[in-house]
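These come from Swiss-Prot:
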- 1-33: transit peptide (TRANSIT)
- G75, A76, G77, P78, A79, G80: FAD binding site (BINDING)
- K96: N6-acetyllysine (MOD_RES)
- 109-130: intramembrane segment (INTRAMEM)
- K132: N6-acetyllysine (MOD_RES)
- K223: N6-acetyllysine (MOD_RES)
- G305, G306: ubiquinone binding site (BINDING)
- K357: N6-acetyllysine (MOD_RES)
- 428-447: intramembrane segment (INTRAMEM)
- S551: phosphoserine (MOD_RES)
- C561, C586, C589, C592: [4Fe-4S] cluster binding site (BINDING)
- 577-606: domain '4Fe-4S ferredoxin-type' (DOMAIN)
Amino acid sequence: MMVPLAKLASPAYQCFHALKIKKNYLPLCATRWSSTCKVPRITTHYTIYPRDQDKRWEGVNMERFAEEADVVIVGAGPAGLSAATRLKQLAAQHEKDLRVCLVEKAAHIGAHTLSGACLDPRAFEELFPDWKEKGAPLNTPVTEDRFGILTEKYRIPVPILPGLPMNNHGNYVVRLGHLVSWMGEQAEALGVEVYPGYAAAEILFHEDGSVKGIATNDVGIQKDGAPKTTFERGLELHAKVTIFAEGCHGHLAKQLYKKFDLRANCEPQTYGIGLKELWVIDEKKWKPGRVDHTVGWPLDRHTYGGSFLYHLNEGEPLLALGFVVGLDYQNPYLSPFREFQRWKHHPSIKPTLEGGKRIAYGARALNEGGFQSIPKLTFPGGLLIGCSPGFMNVPKIKGTHTAMKSGTLAAESIFNQLTSENLQSKTIGLHVTEYEDNLKNSWVWKELYSVRNIRPSCHGILGVYGGMIYTGIFYWIFRGMEPWTLKHKGSDSDQLKPAKDCTPIEYPKPDGQISFDLLSSVALSGTNHEHDQPAHLTLKDDSVPVNRNLSIYDGPEQRFCPAGVYEFVPLEQGDGFRLQINAQNCVHCKTCDIKDPSQNINWVVPEGGGGPAYNGM
């Protein structure tokens with residue numbers, strides 16, 4: 001059945017139906033020590049317990065409406081909006097009628113966007129050459145660029161030489177959420193149909209196996225998996241080409257990697273978790289345009305990570321500060337959130353924050369694999385852009401510019417194929433192979449290739465400091481043209497050591513002025529989900545968190561989650577523990593899906609509009 005998409009913009013259509021997977025049978029044990037207790041059902045999502053095997057769903061109308069478009073884009077971040085904008089720019093230039101639909105799971109554009117962010121404006125200026133006249137929110141050019149190594153008590157300054165990737169001359173400090181909101185306005189003005197509050201949950205396929213489009217998930221489902229009286233089926237969006245711009249570790253991209261074997265010829269992706277706060281500080285300490293990065297304390301040399309402090313010129317003395325920890329860390333006792341809070345007490349950091357007020361908090365995973373981890377980008381009916389495949393320049397600590405350029409190149413490649421008079425396709429869904437070729441011939445590919453060895457050079461005996469030495473010698477001499485390519489260590493989920501082989505980390509208690517507890521931090525993210533819905537953090541096997549993760553790794557999920565989603569709590573009866581999932585706290589960072597040593601957690605989309613409500617993060 002076909003209906004205008006705009007008529008479906010109601011809460012009943014604000015989430016997506018996830019792909020079904022094999023039913024997992026309930027295991028027999030739920031305690032750390034006892035094997036006599038039955039496992040409580042922790043997650044009830046219909047991806048685990050299919051509805052066609054649930055009598056409560058008998059007689060429920062499962063018909064879905066469908067809409068047709070030329071191009072469907074999943075995700076309204078910098079990459080997705082760049083692709084949408086460029087498609088409509090080209091359509092206007094060539095007087096072509098092109099329907100472009102963009103869906104975004106956040107309640108409004110920018111609400112799930114989090115980055116530092118120090119923006120290299122190259123791709124942005126290519127897409128919007130008149131951005132100044134249009135009032136784009138690039139208000140803070142970099143005026144001072146600093147880098148340092150932290151010891152427990154001191155900061156050792158390191159000069160930033162011209163030509164090194166961390167040089168920020170010509171860049172802008174931005175609030176990326178505000179920037180993508182502005183980009184959304186530009187896209188809509190060109191005729192892009194932007195639908196916030198719609199979460200893509202299912203990939204649709206043609207009979208020949210090519211991608212047909214996506215479907216939004218159903219709404220009106222109880223926490224126990226039963227339909228509510230308000231149940232409404234999701235919506236299908238069909239397209240000639242579907243662009244997946246979900247951001248880092250997209251849940252649909254995970255399925256595409258397996259379906260089309262897109263990672264057959266690349267290394268596993270490796271990630272970091274970025275935690276960020278926004279402060280209003282004493283105006284006397286405010287240095288608009290100052291950019292400050294550090295490595296070192298409180299992390300040891302074998303744990304990749306670092307920090308940033310960006311002074312924003314937004315009409316008030318704003319400071320964006322954050323901390324990144326590589327998710328290939330080995331100690332299961334490590335808590336990225338608590339390392340962040342401890343870092344703020346360093347003698348070179350704390351004075352800037354004293355007398356200030358924290359006004360926002362958030363977290364998001366980021367790609368760190370770089371050139372070696374880029375998968376195949378195209379497949380019949382679709383392609384990957386932005387942080388979904390992973391185009392972040394790690395030593396530069398930037399990925400927005402490369403994400404935007406990938407979106408622009410994808411749009412140009414798709415437009416050429418859609419408007420070709422000799423259009424030929426072996427599959428029903430168009431296979432736009434030109435996109436990958438164009439990307440490899442662009443400055444994006446050259447930039448990522450040149451820095452490919454810097455992140456993996458930190459795996460040696462000297463750790464992060466070895467990586468700095470490598471950068472200072474080999475990158476300075478060869479400019480990325482050295483005749484070798486270093487490898488990563490493998491998947492981040494395989495890197496944890498057993499708890500018995502590691503030293504517990506004692507973290508200081510937060511003081512409530514500089515450092516804070518987790519729950520008060522999550523409250524500043526604006527995170528909210530419909531409570532009575534199946535948990536979107538699903539478990540393949542309900543026994544694994546206690547029987548394996550807790551017994552071997554001391555329950556690392558209770559530490560690597562930056563939102564307090566996972567807790568091991570005592571059983572109501574008997575000895576032992578059970579895992580409690582506080583799904584309503586989830587900030588959609590994807591860390592659990594990445595770092596879980598058992599790969600038992602599968603993140604799927606909740607009802608559309610749920611999640612964090614960032615304001616210019």
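Residue positions begin at 1 at the first shown residue.
Backbone N, Cα and C atoms are what each Cβ position is placed from, and that goes for glycine too.
Note that the structure is a prediction, hence the values are computed from the model and not measured.
Taking DSSP states H, G and I as helix and E and B as strand, the domain '4Fe-4S ferredoxin-type' (577-606) has 8 helix, 8 strand, 14 coil. Under DSSP, K96 (N6-acetyllysine) is assigned to coil, being neither helix nor strand in the three-state scheme.
Put simply, K357 (N6-acetyllysine) is 24 Å from C589 ([4Fe-4S] cluster binding site) when counted between their Cα atoms. On the 0 to 100 pLDDT scale, the model's mean across the domain '4Fe-4S ferredoxin-type' (577-606) is 97. For the domain '4Fe-4S ferredoxin-type' (577-606), the residues of the chain that approach it from at least six positions outside its boundaries are 15-16, 18, 21, 30-32, 40, 42-43, 45, 47, 105, 112, 199-201, 217, 248-249, 251, 254, 271, 273, 327, 332, 336, 362-365, 492-494, 496, 519, 522, 525, 527-531, 533, 535-541, 544-546, 548-550, 552-553, 555-557, 560-571, 612, judged by C-beta separation under 8 angstroms. Burial estimate for the binding-site residues (P78, G305, G306): highest at P78, by number of other CB atoms within 10 Å. Between the C-alpha atoms of K96 (N6-acetyllysine) and A76 (FAD binding site), the distance comes to 23 Å. In this structure, the modified residues K96, K223, K357 were compared by how many other Cβ atoms lie within 10 Å of their Cβ, and the smallest count belongs to K357.
Each of the binding-site residues G75, G77, G80 was scored by the number of other CB atoms within 10 Å of its CB, and the largest score is that of G80. Of the listed recorded positions, namely K132, C586, C592, the sparsest Cβ surroundings within 10 Å are found at K132. Under 8 Å, Cβ to Cβ, and six or more positions away along its own chain, A76 (FAD binding site) finds L102, V103, E104, A106, I109, V180, G184, V194, P196, A245.
Ranking the binding-site residues A79, C561, C589 by C-beta neighbours within 10 Å puts A79 at the top.
The Cβ neighbour count for S551 (phosphoserine), using a 10 Å radius and every protein chain shown, is 16. The closest partner of K223 (N6-acetyllysine) among the binding-site residues, by CA position, is C586; the full candidate set was G75, G77, G80, C586, C592.
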